[in-house]
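Enquirer: If you scroll down you'll find the structure; I have some questions about it.
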Amino acid sequence: MPDYQIRTLDDADIAAADALFLGTLHLPPTAAEQLDNLRPSYVPGRALGAFDGDELVGTAMSYPSALAVPGGAVPRMGAVSRIGVRADHTRRGILTALQRRQLSSLVEQGDVIATLRASEATIYGRFGYGVAERVRSITVNPSTAEIRPDLPRVGRTRLIDAAEAETLLPALYEQIGLRRPGMMTRPAGLWGIWRVRETKLDGLARTAVHTNADGVADGFVTYRAVKSGGFRAELRVEDLHGATPTAIRELWRFLIGLDLTAVIKAGSQPLDDPLEWSLVDRRAVGVDGVTDSTWLRLLDVSAALAARSYGDAEPVVIELVDDLLPANTGRYRVGADGARRTEATADLVMGVAALGALYLGDVAPSTLAENGLITWSGEPGQAALGRADRLFRTPTPPYCGTFF
Ligand SMILES: CC(C)(COP(=O)(O)OP(=O)(O)OC[C@H]1O[C@@H](n2cnc3c(N)ncnc32)[C@H](O)[C@@H]1OP(=O)(O)O)[C@@H](O)C(=O)NCCC(=O)NCCS
């Protein structure tokens, strides 16, 4: 690569780094009065800049987070964001240099896993990221949607104002907890960046909180009402979490009961979302599509494999290839009793992106093998694939529910 330098960014670089990143997304820079909300997202040591001489031409940063994995452990995770290279410097290897530096620095900081949301699906596989969680987007017709009468209302749902939401939501998200594999902790910087984003979006954002029969808050929804003439608005569900399926259902009851709503759209719901099963007319819910959400990159493969639990099957030996973090390359025995390094003969061979994809149970090893992303040989290899399917399978699909 030519003379680009990568260094960590400090406080003085934040405005320029933010403007550069937003520019790569064709967005204007953040207003000066919002910089205080922006600042906590640039955690010291976690923001990197690529410089051409004195000029900043690329950025990459990460939030300190943690991920709920199958079995309930919550290993440390770097949530990678703000990746951008200035338009007049693309395709010269700057992202590659940033990725190399970022991945090794995340390892040094003790993160076990990295995650990101990809603007384009063709960028990150080469850096060892695989799609580990997908979401469905739905459209709900409020004029035909009605919760089944045999599911009585539980607790109550109340609207809160922006000031209350600012303090209540982070605490409530924490209290709800990482209730299923794929969910992540939300550092303060993330809530700050959402406040910044809020100042830039059209439409009216509202937050409602559900309290259970004992008066304890157990769920929240943030939605945006967007009008395009006339009285009725399109409601866009942005953030919806509940401690229980009942809390989530009650939040939906609230949404579909809102007056002057033309349509409700929710862009990132779990694949096993039970909403239509709660309705009198299940066709009030239309599925618009399924898209990739969590891209996962295992940074410390030993620690990541040891962190999750496995299904009931005889063990398999995986030969893992990781060109960018070669310390991970090697063989791992994965069994019902856990995972560890081994010298035994490998049953299956895969790259680290494939292992990231199957890590949370979203895709079966045999599906990846059908497409050449996992290789094996002979009948023993075929049998090992069946065991791997049972080992990596999880009772529910993963769901994160946090976009950043
Ligand atoms: C995506 C982006 C960061 C890539 O930066 P870059 O410095 O051009 O990337 P590199 O030159 O290091 O490219 C590395 C490889 O990825 C490929 N690549 C990079 N961006 C790509 C894209 N958008 N689509 C397909 N391939 C891409 C390159 O062709 C290159 O392939 P090669 O190694 O086979 O030659 C840059 O194009 C950008 O800022 N895009 C707009 C903002 C954005 O989408 N950011 C990501 C947010 S998640």
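A Cβ is built for glycine as well, from the same backbone N, Cα and C atoms used for every other residue.
Just so you know, TrEMBL annotations are computer predictions that nobody has curated.
Quick paste from TrEMBL:
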type	residues	note
DOMAIN	4-152	domain 'N-acetyltransferase'
BINDING	Ile83, Gly84, Val85, Arg91, Arg92, Gly93, Ile94, Leu95, Thr96, Ser119, Glu120	acetyl-CoA binding site
ACT_SITE	Tyr124	active site, proton donor
ACT_SITE	Phe404	active site, proton acceptor
Enquirer: What is the total of other Cβ atoms whose distance to the Cβ of Ile83 (acetyl-CoA binding site) is within 10 Å?
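Expert: So the number of other Cβ atoms within 10 Å of Ile83 (acetyl-CoA binding site) is 22.
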Enquirer: Taking the residues Ile83, Gly84, Val85, Arg91, Arg92, Gly93, Ile94, Leu95, Thr96, Ser119, Glu120, which the record names as binding acetyl-CoA, find the longest CA to CA distance and state it in Å to the nearest whole number.
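Expert: Overall maximum Cα spacing for these binding residues reaches 19 Å.
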Enquirer: Which residues does Val85 (acetyl-CoA binding site) neighbour through Cβ under 8 Å, counting only same-chain ones at least six apart?
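Expert: Listed in sequence order, they are Thr24, Ala50, Val57, Gly58, Ile94, Leu95, Leu98.
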Enquirer: Under the DSSP assignment, what numbers of helix, strand and coil residues are found in the domain 'N-acetyltransferase' (4-152)?
Expert: 45 helix, 50 strand, 54 coil
Enquirer: For the domain 'N-acetyltransferase' (4-152), what's the model's average pLDDT?
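Expert: Averaging the confidence scores along the domain 'N-acetyltransferase' (4-152) gives 96.
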Enquirer: Just to be sure I understand the contacts, which recorded positions have a Cβ under 6 angstroms from any atom of ligand 1? Candidates are Val85, Tyr124, Phe404.
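Expert: Listed by sequence, the hits are Val85.
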Enquirer: What Cα-Cα separation, expressed in whole Å, is found between the residue listed as 'active site, proton acceptor' and the residue listed as 'active site, proton donor'?
Expert: 16
Enquirer: These are the active-site residues: Tyr124, Phe404. Which one scores highest on other Cβ atoms within 10 Å?
Expert: Tyr124
Enquirer: Measuring Cα to Cα, how far is Thr96 (acetyl-CoA binding site) from Tyr124 (active site, proton donor) in Å?
Expert: 10
Enquirer: Measure the Cβ-based neighbour count of Glu120 (acetyl-CoA binding site), defined as the other Cβ atoms within 10 Å of its Cβ.
Expert: 6
Enquirer: What is the interatomic distance between the Cα atoms of the residue listed as 'active site, proton donor' and Arg92 (acetyl-CoA binding site), given in whole Å?
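Expert: Here the two Cα atoms lie 16 Å apart.
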